[in-house]
Amino acid sequence: MQRRHDLDALRVIAFGLLILYHVGMVYVHDWDFHIKSPYQAEWLQWPMIVLNRWRMPLLFAISGMAIGLWQPERAPLRFALRRTWRLLLPLAFGMLFVVSVQAYCEARANGAVAPGYIAFMARYLQLRPWPEGGWTGADFGVTWNHLWYLAYLWVYTMIVVALQPVLNSRPGRRVQAWFGGRARLWPLLSPAALLFAYLVWLKPRFPDTHALFDDWYLHAEFFTVFLLGYLAVRNEEFWNALRRLRWPLLAVAVASIGVELSLKALGILFDGKEIAAWAQHVPWYGIERAARAMYTWSALLAIFGWGYALLNRPFRWLPYATEAVYPWYILHQSLIVPLAFALIPLRLGPVLEPVLVLGGTIAGCLLLHEFVIRRIGVLRPLFGLKRRPPREALRETVQNA
């Protein structure tokens with residue numbers, strides 16, 4: 001597989017932001033999460049919105065690009081089997097033994113179960129439905145919480161593998177070459193029209209569920225950026241255009257999110273108040289949706305353009321961080337939720353409590369990955385790692401001994 005240092009670095013940064021985002025979910029006002037602190041802040045909604053619009057599309061786009069660099073057309077069946085092992089084994093293990101602590105803490109916070117994690121696990125592993133409302137997924141008897149990404153990624157990967165004859169046909173090659181011809185700003189931004197259509201037509205009908213089978217708006221958005229990432233990654237002209245246009249792309253992204261947030265702020269300010277007659281005829285909803293779609297796409301392009309310009313080099317920390325990303329992703333929310341559950345009753349205040357939750361999550365991920373997961377062979381594939389450590393990791397372990 002051809003490696004791209006900038007994509008590896010962006011993946012590490014994106015998952016780091018995901019940890020920060022999920023800690024923020026404990027404290028942001030009026031946004032549902034598995035556990036909520038009494039120290040909630042409305043102002044957190046604004047930076048969370050800025051991050052929310054592109055955080056998951058970025059991860060799916062990077063995943064599509066990684067598959068494109070792997071070139072699955074050379075051995076599609078072997079590639080599909082390897083990806084199934086790398087994605088579904090950690091998903092199954094995580095649902096049974098990692099995410100379960102989140103369900104327990106959520107159920108305890110909701111008063112749905114008695115204290116006692118061992119008793120809860122004995123019941124949880126029976127995989128039978130629980131009374132509805134005790135915890136997210138109780139009616140199914142098991143939950144994947146933040147691990148939904150692995151299920152979605154596996155489905156999209158299998159679709160791309162199945163489409164290899166089409167993608168590698170002459171029309172498919174023309175589509176891939178299309179990215180090289182989009183060397184100017186506005187043609188590069190044209191896929192935002194698809195995201196706008198999804199927002200207007202699909203999102204009102206299919207609210208976000210992360211439940212795989214009824215999540216058609218998110219499937220449309222995520223699979224689109226996943227497939228576009230797959231198609232574009234090997235086109236050098238596309239990357240050169242992103243690097244050259246990174247400043248204009250950043251300007252479009254800033255302007256677009258400025259419009260979206262301004263309209264949201266005006267909606268809050270004028271909620272329930274009478275507005276001028278002319279303003280009643282302005283299609284505010286369509287403008288807000290268009291700004292959101294343009295922000296999502298232009299932010300992705302700007303991130304990739306700046307990453308290609310600044311991060312495409314072999315940083316010393318990158319091999320270790322690239323390996324650590326998968327275990328950290330699996331672990332992080334199952335540290336955030338129990339840490340918040342334990343700290344909330346102590347009433348430590350709106351500064352110390354989130355600092356401890358964030359610090360404890362980072363420390364827990366670091367210690368569990370470094371001293372447990374990467375050193376115990378049987379655990380490595382359960383957290384998405386190769387059974388034998390990479391040569392770089394072995395060398396680093398010897399040097400640090």
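The backbone N, Cα and C atoms fix where each Cβ goes, and this holds for glycine too.
As recorded in TrEMBL, the features of this protein are as follows:
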DOMAIN    5-369  domain 'Acyltransferase 3'
TRANSMEM  12-29  transmembrane segment
TRANSMEM  54-72  transmembrane segment
TRANSMEM  84-104  transmembrane segment
TRANSMEM  146-164  transmembrane segment
TRANSMEM  185-204  transmembrane segment
TRANSMEM  216-233  transmembrane segment
TRANSMEM  245-270  transmembrane segment
TRANSMEM  290-311  transmembrane segment
TRANSMEM  323-344  transmembrane segment
TRANSMEM  356-373  transmembrane segment
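Taking every listed stretch (54-72, 185-204, 245-270, 356-373) in turn, the largest tally of C-beta pairs under 8 A with the transmembrane segment (146-164) is reached by 54-72. Against the transmembrane segment (84-104), stretch 323-344 shows more Cβ pairs under 8 Å than any other of 54-72, 216-233, 245-270, 290-311, 323-344. Between the transmembrane segment (323-344) and the transmembrane segment (12-29) there are 3 or more Cβ pairs closer than 8 Å, counting only residues 6 or more apart in sequence, so the two stretches are in contact. Contact check: the transmembrane segment (245-270) against the transmembrane segment (185-204) gives at least three Cβ pairs closer than 8 Å, residues 6 or more apart, which meets the contact criterion. Same-chain residues lying 6 or more positions outside the transmembrane segment (12-29) and placing a CB less than 8 Å from one of its CB atoms are 35-37, 39-42, 44-45, 47-48, 51-52, 55, 58-59, 62, 146, 318, 321-322, 325, 328-329, 332-333, 336, 340, 350, 354, 357-358, 361-362, 365. Sequence-distant neighbours of the transmembrane segment (185-204) (same chain, 6+ residues past either end, Cβ-Cβ under 8 Å): 216-217, 220-221, 224, 228, 241-242, 245, 248-249, 252, 286, 289-290, 292-294, 296-298, 301.
Beyond its flanks by at least six residues, the transmembrane segment (216-233) meets 4, 56-57, 60-65, 67-69, 152, 156, 159-160, 167, 175-176, 179, 191, 194-195, 198-199, 202-203, 205-210, 296, 300 of its own chain at Cβ-Cβ distances under 8 Å.
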